[in-house]
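Trainee: To start, I am sharing the structure in question, which I have written as structure tokens.
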């Protein structure tokens, strides 16, 4: 990290020395389209006597022929001004001639009226004369380098971090180089300008190729091929080829590879999108990275390079367009906070804000001492005061905005838990944890009886309530924007107590309801059933006795349903046969009963018991009342976990408009549907009617299941 900072400092110093080592005229020139010549925008120092707005047509040394000024002499970026390398080489020759004139002890400026203005250039350009655009481009290179080295310092072994660092090296190369030649007063020596231009091209190509390679490795490597080194080597080779004169036009030699590289990122992005379809964290990281890359580089390409392909000069936009590259690196830094790119946490942001605070204190101190002449002690005090009053509140605001922990609304969650009717504790835990922490991933795991704990350096939280309750592993809370903390463990403990109390409440409510059902069932059994049985035994009318016994049986079914106990199928079948035999005997009808000799071990719920009993009773009642057959056949079968009944007798299908038959059929259909079954009334052959229904059975070897 120290070496990276020293390297950045050396680059900044070298760029500043290259800019200040040139002769200083003290004039800021621009091109006047109306006069088709150069124009003085501002003057000072050696050129302080020149009025603003004066038109300059040529420069000359004493006793030498004047050299006319051209529009191309003032271009800040030749890549955006010339279409062919031959034009660029001519431009370098003119720059070299102008630079030679500037190094003369005396320089003469010729205005639009042919008058000469004598000027004595200074040997060196003062630091304060460097324009804002110069420092802006240096700042872009420095910030990109610091962000990338901050990521690489914590993950030096990852290919993605290395290529991010390499891309930042490219920015640290092309931005300072461009800062020197794009903010020159008038000219630079030809060899110096050529070197700076080639460094600018090299840095841009390395930046482009490294970020393309980064998409090959991040968030997941797309293949085993060493695409990164091959890509970077290919781009560097292209730089050497264009420098050696392999191409005739600048758009082909310098612009086309960057455009093709930018377009290739869409292909790699699509491949990464497909490669991360099963990893929501990697997908979220990819989205944030692509937003930063495509927004920053895409805007730069659209604003500067695309117009150049159509002959539009965008050279004057270059210094400010470099700010767009900061979107890439700033976006990656925000991505580290939001989705932890390269597996870093929010402490990365805190470390760098503290580092920036120290650097600002030192820079402010030096500024006050060197530029404003303050005493060192006073300057240090003022620097601390300025940074303390200005920077630290801004830092705290950023921390609260970018790194704050989202506060879980426990009160709202408690209200929803109190209103919940979720009987499954697993689903209740899952919904509550998802709402409380909003993790990117949540999965059920085997209980370990180790309690709640934070794993993977805060990436995961294991929730293990114990006591037979489910265990979960949560990963990346708040949609991947933070890590788990000790406060989250306290929240889980609170949630566990809430869920345990809710389950206790539901259990007590269920037990109370069960006790009330038992009381009602006991009262019906002791009072209503006893009285009905007494009346049935005392009556002398056979029909009345039969009806009373049917009512008594219905009451017994209701009592059984209220009691809540399941009954064995082996016990129910004999009861059904006995009741059917009694009713057929009373009606002088022959009963044929067919049932398996061996029945499976099966327990019927109270609802299924009641519906099965009532459907058999209703089918027999329909047959005895409406068809009055001489014989009835009842067949009972077990088919793949389904209880099958068939009641068959002589007769005709009831008419659709018949009131009593229609009501009976609807009752049979409704009762079958209540337990997930089906009822049918068929006439398999002339003169026979078959009522049949299928009811699903809960098969189990354990009693009461």
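Note: Cβ is positioned from N, Cα and C throughout, glycine not excepted.
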Trainee: Examine the ranges 163-183, 415-435, 436-456 and name the one recorded by TrEMBL as transmembrane segment.
Mentor: 163-183
Trainee: Suppose you had to name the range TrEMBL annotates as transmembrane segment; which of 75-98, 99-122, 195-218 would you pick?
Mentor: 195-218
Trainee: Please identify the range among 54-74, 285-305, 474-494 that TrEMBL labels transmembrane segment.
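Mentor: From TrEMBL, the annotated transmembrane segment range turns out to be 285-305.
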Trainee: Between 351-372, 505-526, I'd like to know which one TrEMBL lists as transmembrane segment.
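Mentor: Among 351-372, 505-526, the range TrEMBL annotates as transmembrane segment is 351-372.
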Trainee: Quick one: which of 21-41, 378-398 does TrEMBL have down as transmembrane segment?
Mentor: 378-398
Trainee: Please give the sequence-distant neighbours of the signal peptide (1-18): residues at least 6 beyond its ends with Cβ less than 8 Å from one of its Cβ atoms.
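Mentor: Same-chain contacts beyond the ends: 127, 130, 138, 141-142, 145-146, 149, 153, 172-173, 176-177, 179-180, 192, 196.
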Trainee: Mind checking which residues reach the transmembrane segment (195-218)? Cβ under 8 Å, same chain, six or more beyond either end.
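Mentor: Those are 18, 78-79, 159-160, 163-164, 166-175, 177-178, 180-181, 188, 227-228, 231-232, 234-236, 238-239, 242-243, 254, 257-258, 261-262, 264-265, 268-269, 272, 286, 289, 293, 297, 325, 328, 341, in sequence order.
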